[in-house]
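Peer 1: This is the structure I want to talk about, given as structure tokens.
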Amino acid sequence: MNAHPAGPRHAEELHHADVPDKPQSPDEIMLLAPNVWPRNLVRGADGVVTIAGVPVTDLAAKFGTPLFVIDEDDFRTRCRDIAAAFGGGQYVHYAAKAFLCSEIARWVDEEGLSLDVATGGELAVALHAGFPASRITVHGNNKSVAELTAAVQAGVGHVVLDSEIEIERLDQIAGAAGVVQDVLVRVTVGVEAHTHEFISTAHEDQKFGLSLATGAAMNAIRRVFATDNLRLVGLHSHIGSQIFDVAGFEIAAHRVIGLLRDVVAEFGVEKTSQMSIVDLGGGLGISYLPHDDPPPMKELADKLLEIVRTESAAVGLPTPKLVVEPGRAIAGPGTITLYEVGTVKDVAVSQTAHRRYVSVDGGMSDNIRTSLYAAQYDARLVSRVSDAPPALARIVGKHCESGDIVVRDTWVSDDIAPGDLIGVAATGAYCYSMSSRYNLLCRPAVVAVADGQARLVLRRETVEDLLSLEVKGQ
């Protein structure tokens, strides 16, 4: 996604691809595109939006703002749809990095999916929630001894090896624990997905995985086979995020299965018979804006499964089990962030033009993606109806940073005012999980809504939480 052009130019004078088309009527500003907003979200005749039967005005009054609101049915339905598309929950590993708390871990468990974690903290939350360790896979490019030890002691299903150092480290830890740990090797296949540079992870110049092109991946595989306490059960690859087509996956599968063929040729069918998994990672895209059009999950799954079957048959191998790791595709669409408008300011940027800034009570501390990735979002007035004409505005946060932007350019009702509630769609992935305490602003609460009821999932941080980290007397 491209950043909005910088510089003091009036927003309405910009003819940039990222500036949305001007709505033709006030009613158009009120529309909530079903491909972007949660499944159980509707706007009433009074303009107030409800999610799963709960008005957002009630949520804001009870829990405060900013507030993350999760449509539980939306999250669970996406779990079921993806599991059905890929042949069962055991082949779908929810990527905890998108968003994890104990409640989410329980939902994922109840829907029969497996779970990917990337740190000791994510592992601890999953185990605290009672998630079965045997269905957990541990990722990460720099797993510490403590993290690997905790994983082995918990009995996790798989560890994805990311370096040769880690092979020796994990072999020693598993040996000391008296277990044989199932592992996959993460292979860098040289595919750069058509996405933002910072989240494209399978090209060569990056910190993840072991290169196929240089032979590092095969060398790592040889080292795993030489250990006493590791069992290689498959190969892993991840080519990026927010991907809308299968072209990159097809190339990745071709190269990973080609490597699997070489491994079988070198070590023999008997010794490699347990290598039954090809994990193509995550990266399945979602709609952030009304015109976004990712493929239906069943269509994407059918294509990926056929690619793996075809590539395996081409090299004379039995079809391995295809594993995928969706995070955003499950967590992203069913959550919105509620903000309260604090100030509205028209700033002159030339003798004849101005820019409207709508400031809300959160910002880059609860959603860094706009600043970090130039991400785009759909934002709407959700607390009332308005027949005012559209005005192009920039929704910004309250932090001491000029780049603190929630939505760079969006059309709002011209009468938007302090006290109004703004909803930002599709914030369930990589918003709370990447949140911070910048300016010592406390993290928002998270609530789940279902069947007309709302319940607190994560409470709002307080000043007492901030002060609890202080060491008295120093």
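Keep in mind that glycine also has a Cβ here, set from the backbone N, Cα and C atoms.
Below, the features straight out of Swiss-Prot:
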ACT_SITE  CYS400  active site, proton donor
BINDING   GLY283, GLU325, PRO326, GLY327, ARG328, TYR430  pyridoxal 5'-phosphate binding site
BINDING   ARG328, ARG369, TYR373, GLU401, TYR430  substrate binding site
COMPBIAS  9-25  compositional bias 'Basic and acidic residues'
MOD_RES   LYS97  N6-(pyridoxal phosphate)lysine
REGION    1-25  region 'Disordered'
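Neighbours and distances for these, please.
Peer 2: Around the Cβ of CYS400 (active site, proton donor), 8 further Cβ atoms fall within 10 Å across all displayed protein chains.
Take the CB of PRO326 (pyridoxal 5'-phosphate binding site) and look out to 10 A: across all protein chains shown you find 26 other CB atoms.
Within 10 Å of the C-beta atom of ARG328 (pyridoxal 5'-phosphate binding site) sit 23 other C-beta atoms, taking all shown protein chains into account.
Within the same chain, residues at least 6 positions away in sequence whose Cβ sits under 8 Å from that of LYS97 (N6-(pyridoxal phosphate)lysine) are ASP116, ALA118, GLU122, GLY327, TYR430, SER433. Taken residue by residue with DSSP, LYS97 (N6-(pyridoxal phosphate)lysine) is part of neither helix nor strand, so it is coil.
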Peer 1: Which whole-number value in Å describes the distance between the Cα atoms of CYS400 (active site, proton donor) and ARG369 (substrate binding site)?
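Peer 2: That separation, Cα to Cα, works out to 17 Å.
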Peer 1: Out of TYR373, TYR430, which of the binding-site residues is least crowded by other Cβ atoms within 10 Å?
Peer 2: TYR373
Peer 1: Fewest other CB within 10 angstroms, which one of the binding-site residues GLU325, GLU401?
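Peer 2: Among the binding-site residues GLU325, GLU401, the sparsest Cβ neighbourhood within 10 Å belongs to GLU401.
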Peer 1: Helix, strand or coil at GLU325 (pyridoxal 5'-phosphate binding site), per DSSP?
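Peer 2: It is coil.
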Peer 1: Return the residue, from the listed binding-site residues GLY283, GLY327, with the maximum count of other C-beta atoms within 10 angstroms of its C-beta.
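Peer 2: Going through GLY283, GLY327 one by one, the largest Cβ count within 10 Å is at GLY283.
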